[in-house]
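Here TrEMBL flags 1-15 as signal peptide. Marked as region 'Disordered' by TrEMBL: 16-35. The domain 'Palmitoyltransferase DHHC' annotation in TrEMBL covers 65-182. Annotation comment: TrEMBL describes 109-132, 152-178 as transmembrane segment.
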Amino acid sequence: MQILVLLLLTSGRDPGIVPRNSHPPEPEDIGESSNLSDWPGGQHGSAGLPLTKDVLVNGVLVKVKYCHTCMLYRPPRCSHCSICNNCIERFDHHCPWVGQCIGKRNYRFFLMFVSSATVLCIYVFTFCWVNIGKTMDTHECTFGRAILKSPISAILMLYTFVAVWFVGGLTSFHLYLISTNQVRFLSSRCSNS
């Protein structure tokens, strides 16, 4: 039940969508901090807007890019998802399994979801193994005969053995990203405090 709730929270929660502008920003709003030298031939965005501009954030000069689809300069650590067609704050990835982008507002739920799925796979595999062991003891038979007597346990063991490599690998990878401070929402959160 917990995994289903976490799946619903991950897929149903706003990942951090940056609202679109109804019209592009005015060229005078850009200021003198625009940087046109990075683009060959002085390419500009819509309405003569530069594709990048420099913004001062907490005393650090940050280059932000213009998003033609959303008609705005994306905030730092924001990316445009080509699948959802939205700019997402602290975009991690678009997860096809939950049908949602993973970003600033739903990353915690996504991590709890894949971690819980990993634990569930290990739990089901272990208890199916125990069930086959008890079947072997009860009927005094070999491993192969115990599998024939309890085929559901064998199917679940095979399924969870395969699944744990995927969800376990994903969990391990995200725990590695967190431990090395490479997750976008954690690194900015730690720098603000």
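Going from the start of the chain as shown, residues are counted 1 onward.
Placed from the backbone N, Cα and C atoms, the Cβ positions cover glycine too.
Non-local neighbours of the signal peptide (1-15) in the same chain are 88-89, 91, 95, 98-106, 109-110, 112-113, 116-117, 120; each lies 6+ residues outside the stretch with a CB under 8 Å from one of its CB atoms. Per-residue pLDDT, averaged over the domain 'Palmitoyltransferase DHHC' (65-182), rounds to 91.
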